[in-house]
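Following: one structure in structure tokens, then a few remarks.
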Amino acid sequence: MKTVTVKDLVIGTGAPKIIVSLMAKDIARVKSEALAYREADFDILEWRVDHFADLSNVESVMAAAKILRETMPEKPLLFTFRSAKEGGEQAISTEAYIALNRAAIDSGLVDMIDLELFTGDDQVKETVAYAHAHDVKVVMSNHDFHKTPEAEEIIARLRKMQSFDADIPKIALMPQSTNDVLTLLAATLEMQEQYADRPIITMSMAKTGVISRLAGEVFGSAATFGAVKKASAPGQISVNDLRTVLTILHQA
């Protein structure tokens, strides 16, 4: 299986990489949060742009991205607008969503974008090609904050992302039971062993699913999300605790 290298970070080998999400409403908060995050132990900075209030002003959005890039130049920057239908803070049209991601790609400030699988097949394929033409990696994602589908469906979604040439397919699901967590882990393992030719990221959310955020190296998930301050999804634990557990499992 091939790995994905962003800056000096190799994703898909060794212990799962830690992603943290920065969620700030304006430029001032982006700046202060960035300074606080700079001291934390993580691998990839995700900027959750759906929390940013001044979305209609692309210049303002890119000014914020520039602050993040300049504050943490060594960290890979993942640009993510999480749609309202997949748990995000704001609802925008598909056209606006694609335009925002293209603006991020054009800016030269971001290393990766998050592109939701169910945005529309043609738009997704075109945006992946556009990102790759500008040397930007694509994390293709799907989130369900209500349920966990059958393993076959989880695998089908991850394989579809791979067929659309996502650099890293990602899925996050809400368990209704511990069995749902096992379903997610079994699907991850089957995908990783039988179909994946690139790194994947999977997680089961909430307290019930915490084990999935810790055991990625065992089952085949290449990265996990931790919290510096406020968690961006239910079930995230602090980056310091997360790094400790990931290191213990890696060295065992």
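The chain as shown is numbered from 1 upward.
Note that Cβ sites are derived from N, Cα and C of the backbone, with glycine treated the same way.
According to Swiss-Prot, the protein carries these features:
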- Ser21, Glu46, Trp47, Arg48, Arg82, Arg213, Ser232, Gln236: 3-dehydroquinate binding site (BINDING)
- His143: active site, proton donor/acceptor (ACT_SITE)
- Lys170: active site, schiff-base intermediate with substrate (ACT_SITE)
Taking the Cβ of Lys170 (active site, schiff-base intermediate with substrate) as the reference point, list residues of the same chain whose Cβ is under 8 angstroms away and which are at least six residues distant in sequence. Asp114, Val139, Met140, Ser141, Asn142, Met161, Ile200, Ile201, Thr202
Cα of Gln236 (3-dehydroquinate binding site) to Cα of His143 (active site, proton donor/acceptor), in Å and rounded, measures 15
Could you tell me which of these recorded positions, Arg48, Arg82, His143, Arg213, has the fewest other Cβ atoms within 10 Å of its Cβ? Arg48
Rounded Cα-Cα span from His143 (active site, proton donor/acceptor) to Trp47 (3-dehydroquinate binding site), Å: 17
